[in-house]
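Quick look at what TrEMBL lists:
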DOMAIN    127-383  domain 'AB hydrolase-1'
ACT_SITE  S207  active site, charge relay system
ACT_SITE  D345  active site, charge relay system
ACT_SITE  H376  active site, charge relay system
Amino acid sequence: MNAMLETPELPAVFDGVKLAAVAAVLYVIVRCLNLKSPTAPPDLIYQDTALSRFLLKSCPLLTKEYIPPMIWGKSGHIQTALYGKMGRVRSPHPYGLRKYLTMSDGATATFDLFEPLAEHCIREDVTMVICPGIANHSEKQYIRTFVDYAQKNGYRCAVLNHLGALPNIELTSPRMFTYGCTWEFGAMVNYIKKTFPQTQLVVVGFSLGGNIVCKYLGETQANQERVLCCVSVCQGYSALRAQETFMQWDQCRRFYNFLMADNMKKIILSHRQVLFGDSVKQPQALVDSDLSRLYTATSLMQIDDTIMRKFHGYSSLKEYYEKESCLHYLPRIYVPLMLVNAADDPLVHDSLLSIPRALSEKRENVMFVLPLHGGHLGFFEGAVLFPEPLTWMDKLVVQYTNAICQWERNKSQCSDTEQAASGQE
């Protein structure tokens, strides 16, 4: 009798369990997608100068809210994953000419050259020299999207193809691109300077490319000649400091590390004959034992220690990371420098962001831009679900560069006016 009376209550119990399960799932979704995270203008660290005040007036994106897609845009992981898988959506196909440069060690550097599609805002000849992220090249969708937008704003673009990254270009020497080698980028810049003697340069680097361009500019004062400004997006500034954080599971960095290492292994193995062939001769030639360790590597650090540092004869991984990072070169850059990172970048630990913060607090030419969202090279925008092809990052880099060009133009006009006035006197 009691059992018969209790039976009708069972469906209510099941409904309660279902509601609890739904609530738990919704809670996880809200937490994972960071739906409660606010939108805000990017955090800016800079010195109060005439240039910085001009930039704040001329670049609305610096003071305006960055609003990512509503459902998933506040997740740094999804932004990063979409960039990694898609690069960009509905990306254009700009037409460029591929250039080949022979390096002193027999390596063949390549870059793609894209002419402007419109008149520049100050009606001058300006070339963007662009260094992509790790193992990337001019055919990547995020590069194509950015180049197309820059061309339509009157910029010539030269995009470096990292040595060994293009699948259809064979290596001609036993060396690939590395974390901080500036040789190929420097060769591309020198070609542009010689071929277009009237052009001024805007230096742009994405992720690993940000490290390379900043190191290049800081290596010698001559590298900054004819350079209007430099923009670095989503770099980590110090591989030595990042080494420990990149092995942690916090924010899934260890998983990203594994995925990037797996991609690097595939690229290295695609050039196995050139890198590990019997005819290879170099100070620290790669041997069969290095190839065996490469197969078992599960992190970028293991690959760097086994393979990459040996291209330049470094005796240890610590020496390689210390010498190849741009950290010690940043104070030697005197042109306007904008450093951009995202607070939710899963690859760049928050401790690394103290480097650009400290630099921008001391140097008048540096501005550090830190939006809350964007992931690693994501920065997608869009109403609810589907992102727009052009990202906040694409627009910010061009907007900042336009402002710098206008600033230099104004300075030049003021100088001409002063000279004319003094001549009349």
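Just so you know, glycine gets a Cβ as well, placed from its N, Cα and C.
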Around the Cβ of D345 (active site, charge relay system), other Cβ atoms found within 10 Å total 25
In whole Å, note down how far the CA of H376 (active site, charge relay system) lies from the CA of S207 (active site, charge relay system).
8
Protein Cβ atoms within 10 Å of H376 (active site, charge relay system), excluding its own
26
Determine, to the nearest whole angstrom, how far the Cα atom of D345 (active site, charge relay system) is from the Cα atom of H376 (active site, charge relay system).
5
All-chain count of other Cβ atoms within 10 Å of S207 (active site, charge relay system)
23
